[in-house]
Amino acid sequence: MWLFALLVTLFYGVEGSIYLPQKLYGEVTSPLYPKPYPSDLETTTVITVPMGYRVKLVFWQFDVEPSEGCFYDYVKISADKQTLGRFCGQLDSPLGNPPGSKEFMSQGNKMLLTFHTDFSNEENGTIMFYKGFLAYYQAVDLDECASQPNSVEEGLQPRCQHLCHNYVGGYFCSCHPGYELQKDGQSCQAECSSELYTEPSGYVSSLEYPQPYPPDLRCNYSIRVERGLTVHLKFLDPFEIDDHQQVHCPYDQLQIYANGKNLGEFCGKQRPPDLDTSSNAVDLLFFTDESGDSRGWKLHYTTETIKCPQPKALDEFTIIQDPQPQYQFRDYFIVTCKQGYQLMEGNQALLSFTAVCQNDGTWHRAMPRCKIKNCGQPQSLSNGDFRYITTKGVTTYEASIQYHCHEPYYKMLTRAGSSESMRGIYTCTAQGIWKNEEEGEKMPRCLPVCGKPVNPVTQKERIIRGQPARPGNFPWQAFTTTHGRGGGALLGDRWILTAAHTIYPKHHNKENDNANPKMLVFLGHTNVEQIKKLGHHPVRRVIIHPDYRQDEPNNFEGDIALLELENSVTLGPELLPICLPDNETFYGQGLMGYVSGFGITEDKLAFDLRFVRLPVADSEACQRWLQTKKDTSPFSQNMFCSGDPAVQQDACQGDSGGVFAVRDRNRDIWVATGIVSWGIGCGEGYGFYTKVLNYVDWIKKEMGDEN
């Protein structure tokens, strides 16, 4: 027994108080738990949690010698200078006074557990062993602001003079409006010199209302709401401010200001009328003297959004979208125009218009006007013109014009299937753009009319020798000078069809030729002297067919070339293009054609354009004739011949490059079926021509298929 007592002493130290470390939770046990506790012992365990918390204790195991009144062994729980209970026995046992599952709670942050045992644990002469107890504790938030009638521990009852606010682990104090918390953090003192209200509505009152207000006040209540709102004041009953029957408000008074203007000074028992301040900034100044017992005043303030004037259109074409019965601050309206009209702000065109009601009751933009859309002067049409269908010179919305080409020399290009009635008609649209119903914004094009001479050749009898051409007989005729005289024919309005050998002659050494020989092209007259006076047309590009071989003197295969002029020419009665062939019928034996040129006639240079009428000859006859002349020049499928050996008529030197022109009677157009290429002598037999039909695809490809 002595040794057991010694071990207890070594384990617990001396009897007395045991202070547990301050924590938010933990456990408490009897000495040596779960082994039997020693005899003749008394210890007090002190449980402490942080300030602002209470201690909650629950027993999980309890096995202490039972006795009536827990006289021998017991556990005593104390807190806040009060005993919460004295316990012994076993849990769930009727003997003694076990704590069961009861929760023990302190009011402060401290709790004491005193464990007492007597000198022995005997029952009917038998020594009994008891395990003791196991308990858990935890910190629980203390609501310092709640009523604590049983708390006697100093410092637990909060001393907030006005308002108390609890939080986990503590509390803080605050004051009623118009009072200021003092340095002690608990007491409040009247302070209303700068009270600010910013909500759109609320209540304002004197201090302690409806109880008498304090003396010696100098209060300033400021209402500041968002710009664009106006403040309305409505005073409530009761309204009591000390006054005097003979002198107006000599003691206490309430002054109201809005926008720096004094709206009145009020006192007595008659509440002021409702006030519309027309301002978003209102100040209420309340002054009191050192005495009085009036109950003061209270008001309810509300706000209303400021209004802007109703928008009004400046003209009949202006549309105000979704008009409202009234417009307030931040409301807006949108303006559009009737179709065909443009929004205008001063001289500036607008894509859209929105005006916003400002906080001063004005619109942030002035109302615009609607001006009729103007498409402007119609574009000029190359080789054409236009006329006004509607009022002349008017180019505004719904105005109409019609383009036309300079006929009969040009015709208008339109898409397939387009309506004849809408051809060239353009209307000024609501977008301010000239537009055709079928072509859209795309401008029409005037294309040259080919093969329609104004004064065509009408001679039907055979011509024995060439004769002078009259103006307009062969308006496609070109006069060229490169290595001497040559001819050509106008295609479209900026291309010349000619023979390649007029540019790169067979008898010239190619190495001595310039890469770009000087080409002079003349058009528009039948007289050499006059045609030169009209001036030459600069050549932008020379295109030789790839089959042409300059270095093979007797081979005229591919003897065809195109000259692209720098500028398009203006067509007229003496300057018109010729058409290209589209079928083999133009090459039937005996079909008559015309060859024109400024070449040699009767061994002399011609100064006037001359022409000759020739039949298409039989190819086999031409081949046999060449054999009789012992000429080895190739006569291929890309060539044809014309003339009659029995009749001395033919193209001659200087006519090269000119065309063999045939009239298509079905379409009443003239077609260039051949190009004067080569022959033997002048007027001594057949002449040989480049067959244009075989080169039409190449021609169109090089010209871009634009004519």
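Along the chain as shown, the residues are counted starting at 1.
A Cβ is built for glycine as well, from the same backbone N, Cα and C atoms used for every other residue.
Binding of Ca(2+) 3 is attributed by Swiss-Prot to D252, D289, D293, and within the candidate set D242, D274, D276 the record adds D242 to that site. Recorded disulfide link (Swiss-Prot): C446 to C405, out of the candidates C370, C375, C405.
Of the cysteines listed (C375, C450), Swiss-Prot assigns C375 as the disulfide partner of C428.
For D118 (Ca(2+) 1 binding site), the same-chain residues lying six or more positions away in sequence with a CB closer than 8 A to its CB are S39, D40, Y72, D73. By the criterion of other Cβ atoms within 10 Å of the residue's own Cβ, the least surrounded of the recorded positions E65, D141, D293, D559 is D293. Highest local Cβ density among the recorded positions N166, S656 belongs to S656, counted as other Cβ atoms within 10 Å over all protein chains shown. According to its DSSP assignment, D293 (Ca(2+) 3 binding site) is coil.
Proximity to H501 (active site, charge relay system), defined by a C-alpha to C-alpha distance within 10 angstroms, is shown by the following recorded positions from D141, G170, D289, D293, D559, S656: D559, S656. When the alpha carbons of D293 (Ca(2+) 3 binding site) and D141 (Ca(2+) 2 binding site) are compared, the span between them is 43 angstrom. Residue environment of E144 (Ca(2+) 2 binding site) contains 23 other Cβ atoms, counted within 10 Å of its Cβ in all protein chains. Distance from the CA of D289 (Ca(2+) 3 binding site) to the CA of N166 (Ca(2+) 2 binding site) is 37 Å.
DSSP labels the residues of the domain 'CUB 1' (17-140) in these numbers: 3 helix, 67 strand, 54 coil.
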